[in-house]
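Student: Structure incoming, see below.
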Amino acid sequence: MGQTKSKIKSKYASYLSFIKILLKRGGVKVSTKNLIKLFQIIEQFCPWFPEQGTLDLKDWKRIGKELKQAGRKGNIIPLTVWNDWAIIKAALEPFQTEEDSISVSDAPGSGIIDCNEKTRKKSQKETESLHCEYVAEPVMAQSTQNVDYNQLQEVIYPETLKLEGKGPELVGPSESKPRGTSPLPAGQVPVTLQPQKQVKENKTQPPVAYQYWPPAELQYRPPPESQYGYPGMPPAPQGRAPYPQPPTRRLNPTAPPSRQGSELHEIIDKSRKEGDTEAWQFPVTLEPMPPGEGAQEGEPPTVEARYKSFSIKILKDMKEGVKQYGPNSPYMRTLLDSIAHGHRLIPYDWEILAKSSLSPSQFLQFKTWWIDGVQEQVRRNRAANPPVNIDADQLLGIGQNWSTISQQALMQNEAIEQVRAICLRAWEKIQDPGSTCPSFNTVRQGSKEPYPDFVARLQDVAQKSIADEKARKVIVELMAYENANPECQSAIKPLKGKVPAGSDVISEYVKACDGIGGAMHKAMLMAQAITGVVLGGQVRTFGGKCYNCGQIGHLKKNCPVLNKQNITIQATTTGREPPDLCPRCKKGKHWASQCRSKFDKNGQPLSGNEQRGQPQAPQQTGAFPIQPFVPQGFQGQQPPLSQVFQGISQLPQYNNCPPPQVAVQQVDLCTIQAVSLLPGEPPQKIPTGVYGPLPEGTVGLILGRSSLNLKGVQIHTSVVDSDYKGEIQLVISSSVPWSASPGDRIAQLLLLPYIKGGNSEIKRIGGLGSTDPTGKAAYWASQVSENRPVCKAIIQGKQFEGLVDTGADVSIIALNQWPKNWPKQKAVTGLVGIGTASEVYQSMEILHCLGPDNQESTVQPMITSIPLNLWGRDLLQQWGAEITMPAPLYSPTSQKIMTKRGYIPGKGLGKNEDGIKIPFEAKINQKREGIGYPFLGAATIEPPKPIPLTWKTEKPVWVNQWPLPKQKLEALHLLANEQLEKGHIEPSFSPWNSPVFVIQKKSGKWRMLTDLRAVNAVIQPMGPLQPGLPSPAMIPKDWPLIIIDLKDCFFTIPLAEQDCEKFAFTIPAINNKEPATRFQWKVLPQGMLNSPTICQTFVGRALQPVKVFRLLYYSLY
C-alpha cells in the first residue's frame, strides 16, 4: 500500500503541487493523503486520465460524472473524495476559457457561505485572513461600489501583500478603453472562494469571465524609450498578466521508472524546499521599475520585461533525454511540454533549446518544420477577421525588428503562444536517424501486443502525418478498429458507432480491450476450454443478479450456493451403500438412480429408467459410457454397431406403446477424452470410441448437433461405409474458443439404406468419410522437372500414354499408335507448331475417353507422324486440369545441387542423419579458370610463419581469475579440454595470467573468451591493414561476388613461441576441491589487440594465387 501511494505521489507530483498552491490562495487546506486517495480513485474508475486527462474543468467534470456512474453500480466512493473533488472543481472554474464564461445573469441567485460565527469577534486582521470552511457552489461575483477592494485583494493575493507589507492599490474601472487591451477593472475581479464579507451583485456591469489577475502594481508597460516599443510593433496590452494556468500536459506512465515526475518539476520542488523562489520565474520576467523611471506622477508603478536564459541543468537534462530516449519519446515529450508551458519562451529560447539538445540533422529538421509552420500560421493570421498583426519575422525571431533578445522579450502573449504551438508541432515531426515515418495504414496490432500499445503507436504516427486535428481524430478512431487484431475487434465491435457523444471513443475501446492478450486473458481462455464454462462474467462486472441468491456477479447456473446444496444432497444420497446389485444392470452394487450402464450383464443394451412414460435412456451423454463395460466376446473395444442397432429393434415395450416406425436409425456420438479448440486451428480428428462395421446394406452419415453450429463449432459432414471396421472419428473445427468433456454428445450417426444404381458391380472399398469406388482421395498431379509430364488415358477401351501439352489446341495421336481398324480421314486443316506436319489425319468418329482419374470425356483427335501422343486443351479442360505454382523454398538450381550433396526434402543438410556428413571435396575443373580451379589447387602455399608481437614492458601482468557459478565452470572445463585436444592450448606455468569466462549463444552452445584488457595495454599496436571499405562508385557494375566463410580463423594462425606464455589463464576447480589448472594459448586468442591485423596478413597470403591470375579484384576481410 505504501508503494502504491509513493507511485501515485511521484506520478502526479506536478498536479499535487499546483492544487495545493491554488487551494492555499483560496484559503482551503487539503492534506496530501486525501489528494493521493483522490487520484487513486480517479485512476481506478477513469483509466483514460493518466494518458489524456488534464486539470481542465471539462476533464474534471467528466471525472465527477464517471465517479457518479461507478457509485450507482455499487462501488464505494469515500465521502472525502467527493469533498475534495468538489473543492478542486470550485477552484478550477475561474480558469475556464472565455467561450465558456458565465454571465452574472446566468449565475445562481445567491451563494451559500457558511462561515464560523467566532470570526465576527476577532480583529480586523484576523477577519481578513479567515476563509469559509464550506463552499456549496462557486458563485460568479460582480463588483459594486460597496465592495471592500482591500479585503478582496487580500483574499486572492495574501502572499503578495505579505511580501510588500502594504495593501494593494487598486485601479478604478476604466470605461474608455476596450476590454481586450485594458486591465480588468478592480470591480470586476472574480471570486470563487469568498471571504466572510459577501460581494453584492451589480447588474449594470457587463459579464466577466473567470480569471485571476495579479496585483495592480504589476502592470505591463514597454520600455520608456518608445511608446509602442520598436517600429512595427503593435501596442502592448497594459492589463495584468494572467495567473499561471493549471498543468495541461498529460501524464505518461511509460516514462523511465526512476524519473516518474518531470525533470523540471524535480528541480523546481528542490529549489522551493531550499528557499529559492527564483525557480518559478520565467525566462522573460516582469520586474518593477525603480521609482521615477517610466512612470509619470499619479500613475501606478510600471514593470519592465527582462530576459533570463535557461539554466545549464535544464539544457543538460534535455540533451541527456534526447540522447537516451529519443526526441519524440514519451518522456521527452512530457519534459518539453512542461518547459514550453511553464516558461514564456521566445524564438531565441526555442533555437537554443533545439541546438543544445538535438543533433545537426535533427536540428535541420526542426528548423525546416518551424519555417513551414510559420508560413502556414502567417496565412491564417492574414485570413482572420480582423487580421492578426503577427508576421513571419516575429514568429522566427529574425529581421530588423525581432532579431535581438530585448526585442523578442516584448512580444505579445498571442505571438508567444503561436511560437510555442509551431515549435511543438515541428519537434513532433523530428525523425530519429535511420528511421522513416510509417503510414498509419501499416500500423497494425500484433497477435500478442496489448491494445493500448497499439493505439499509442497509431496516435504517434497519425500525429506526425496528419496536421488537421479533427481529421487525425477520425482516422485514429477508424484505424483503432480496422487494424486491431481479431480478438480486440470482437471486443470493440459492439461499441462501434454506439459510444455516447460525451465519451471518448478511444478510451471506451481501451476499456473494452482491457486484459486481452495478457496472462489473465490466456488463463481465462484455457479455463474456459477445459471446463466449458464461459468466464466472461468473472472477468468483467456482471450487471444482473443471480435468481437463486440475489447476489451480483454470476448467473443461477453458476451460483455457489446452489452448487453447495447439490453437493450436500449428492453426499447424503451416496453416503449409504446399496443393499444389493443394481436392479437395472444386475452387474454392480450401486443405486439404480446412479446407474450409467448401457448394457446389462448379458451384453444387451439398456434403455429407460423403468419409472414412468415412454422408455428413456438414463441421464448419460454419449452413445457409450466413458469407461464402458466390455462384455465377453469383445476384446478391448465396444460392440460393433451392427449388434448395437440389432439390439435397438429388440428393446422391451412399456405401457403397451408400439415402438416408433422410422426408416432411419441413429446413435449419438460423444467424445471419450477432453477436447479444447481455439480459433484459427486446422480441423482436428476426435475419437468417439465407436467402431464399425455398420449393419449390412446401410451407409452411415455423420451430422453435427445444431446447438454447436449456432456457437460457431462445425462438425464436418462425413460418410462411413458399411464395411469399415475401424474407429469412427469426427472432424471438428471451431471459430470460437470451445471445449468438451468426456462423454459430451456432439454429433449423430444416421444409418441410411444403401441403394445400388443400375447393375454396377464395382466393388466398394471400405473407408471413413468416403464411398469412392476407386478408393482414391487425390487426383493425378505432376511436378515440373527434367522429366516430361506424361499421363495415361483410355480411348475406346485402349490405353494411350501421352504428353500433357497446355499449348496444344487439340489432342494428337501418333500415327504409329493409331489402330488400323479405326477409321480416319484427311484433315481439312493443318497443324502448326515448332514445325509443320506434312500428313495430317483426323478421326472420323467422336471417341469416348477416360482421363487419368476416370474423368469421362469425348475427343476427336488429330493423327500425324509424331514420336509421342499429345493431350491438348480440348481434353485437359474436360478433365478439370489446373496449373498451380507454389512458391518454392529453394530455386531449382539450388535444389539440384543440394540433392547431389545428400539433401533430403523436409529435413535439409546437416549432421543429424538428414544429409551427407563428409565435407565437400575440392573438384578441379580443367576447362575453366577462376577461384577454385587449377591454378589454386595446384599452387603450393608455404606454411604460415608466426608474427612476433612487440611489448612495451617485460614485467609480467597478473589479473586474478574471478569466481564463476557451477554451470559456467562445468562448461569452461569442457571447452578447455576440447581446445586442448585440438592443440590450441597447452599446460602453462607462466607468471602472466588473464581472467577467462564463458557466454552462451542463442543456439545453446557455450563460447570461451579471455579478458585480455590488461595484456592489451602493454602490447604495441600494429594498426589495421585495411582501415576502410572501397568506394562502391569505383567498382565495375555486375562484378562476380564470392563469399568465403572462414570458420575459427584465429585458431588456424599460430602465435610466436616467445609470446605464448603471455596469454596464460587459470581454470579453477568446482568448489575449490582441487588445485586450479593453468593453460596458455598457442594460436591467436580472440580479444587480443593485434589479432585482426595478423589475421588480415595471413588471409592476404592465402589469397596470393588469386592476385596472380586476377589483377583486377577487390578483397574485403
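In case you wondered, yes, glycine gets a Cβ from its N, Cα and C as well.
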Student: State the residue range annotated as zinc finger by Swiss-Prot; the candidates are 202-219, 544-561, 814-831.
Tutor: 544-561
Student: Which residue counts does DSSP yield for the zinc finger (580-597) in the helix, strand and coil classes, in that order?
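Tutor: Looking at the zinc finger (580-597) with DSSP, the answer is 3 helix, 0 strand, 15 coil.
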Student: What is the total of other Cβ atoms whose distance to the Cβ of Asp805 (active site) is within 10 Å?
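Tutor: 19, counting other Cβ atoms within 10 Å of Asp805 (active site).
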Student: Could you give the number of helix, strand and coil residues in the domain 'Peptidase A2' (800-875) as assigned by DSSP?
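Tutor: Summed by class, the stretch gives 6 helix, 31 strand, 39 coil.
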